Amino acid sequence: MTWYDQSILHLRPHLTCACMYVQEREALLIPNHTHPRSPVGPEENSVVLRTIGTKPTFDFEPKDHFDLATHLDILEMNTKIAGARFATLKNEGTLRTFQTCFKRVSNVSQTCFKHALGALLELALVHWTMAKLRSKGFSVHLPPDVAHSAMVEGCGFQPRGDATQVYSIANTDLCLVGTSEIPLAAMFSDSVLHSTKDLPKRIAAFGHCFRTEVGHGGKETKGLYRIHQFSKVEMFAYCTMDEAETLMDDLLAVQVEIVSELGLHCQVVDMATEDLGAPAYRKWDILAWMPGRQSYNEVSSLSNCTDYQARRLNIRHKADDKKPQFVATLNGTALAVPRILISILETYQEADGSVRVPAVLRPYLMQDHIRKPPEPSTTLHHHHHRKAEQ
């Protein structure tokens, strides 16, 4: 045997492993099948399935959310903290106000609320949404905001590359999650659930989402519309493949109930195949009318991923005497805080720059309008100054 032959024999196992690795990496890039009723083609081919509510009308020129929030002094886009596209909803006296508000203490200072309404509006939305989901039988979770890159990839997201939407943590295999869908899917990886005792399983989670937003610019960078970090309440479900389409209808009903009770004018859209993303078999988006932008914009999304994620994460179900089968996974936005805040501010704005509070949120905010806070009293300031001198 020649030296060349010996070298080939020595290298063959390594070449085989390398080829298998490349094949596996390429296989992970293959998207899911698509539903036969999903519109084929680009996003423009998407179909409106239904309309919710009526479009708001104004006898004045409506402002966009950024101008409204700036006027009301409830939003700050301070680049000193972390750079562009990070938002701060203002809240003076956070802890005291939050505790008294959600315990419904009757003698709480109304001035304290007026200075805290930006952040309290987010907290009220989250609390109201989570309570609604809990009442509908969802189990409530607060998952980590980080996940192993293998879990991110198993869900159908690409954690690497120049165009990735995922933030990676240096010197680890961890990523900041772009949605709570990732930790909720990962929590049952390499598991076998019982077909009837465990399924269907409905989970509601509150978490923070982190996205690089590579490739997005222009007017979408203004204010809250497209930011690097935001809060979201996510719905996630495990079920058998036979249950998936019925469960998707159920999750949509919850989403419609949320935007309807908030009084928003929306469209439910069956998204075209080129806008589905790798994991989705079918995807329905809810687009809310935003008067300041004069357009419908996505505020929530609902995807049936069939067994696409389950195969990659090895999540199966089994009846007592049956062979294990892969589960189906579904995910849907119950509340994406920034987009809903935009819709509320622009829909409920008044001519004087104030904003009406949706009826379902008034018990949390203890008032029916958000108004610009008064200027600090100079009399009070001088009084405290003289008292200090004494």
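Placed from the backbone N, Cα and C atoms, the Cβ positions cover glycine too.
Residues or ranges marked as domain 'Aminoacyl-transfer RNA synthetases class-II family profile' in TrEMBL: 133-358. Residues or ranges marked as L-serine binding site in TrEMBL: THR179, ARG211, GLU234, ASN331. Taken from TrEMBL, the feature site 'Important for serine binding' applies to THR333. As annotated by TrEMBL, region 'Disordered' applies to 370-390. Sequence annotations record features per position, and here TrEMBL assigns compositional bias 'Basic residues' to 380-390.
In this structure, ARG211 (L-serine binding site) belongs to neither helix nor strand by DSSP; it is coil. A Cβ within 8 Å of the Cβ centre of THR179, ARG211, GLU234, ASN331, the residues given for L-serine, is found for these other residues of the same chain: VAL177, GLY178, SER180, GLU181, ILE182, CYS209, LYS232, THR333. Set side by side, the recorded positions ARG211, THR333 differ in how many other CB atoms lie within 10 angstroms of their CB, and the most is found at THR333. DSSP assigns THR179 (L-serine binding site) to coil in the three-state reduction, outside any helix or strand. When the binding-site residues THR179, ARG211, GLU234 are ranked by how far their Cα is from the Cα of THR333 (site 'Important for serine binding'), GLU234 comes first. Over the domain 'Aminoacyl-transfer RNA synthetases class-II family profile' (133-358) the predicted model carries a mean pLDDT of 94.
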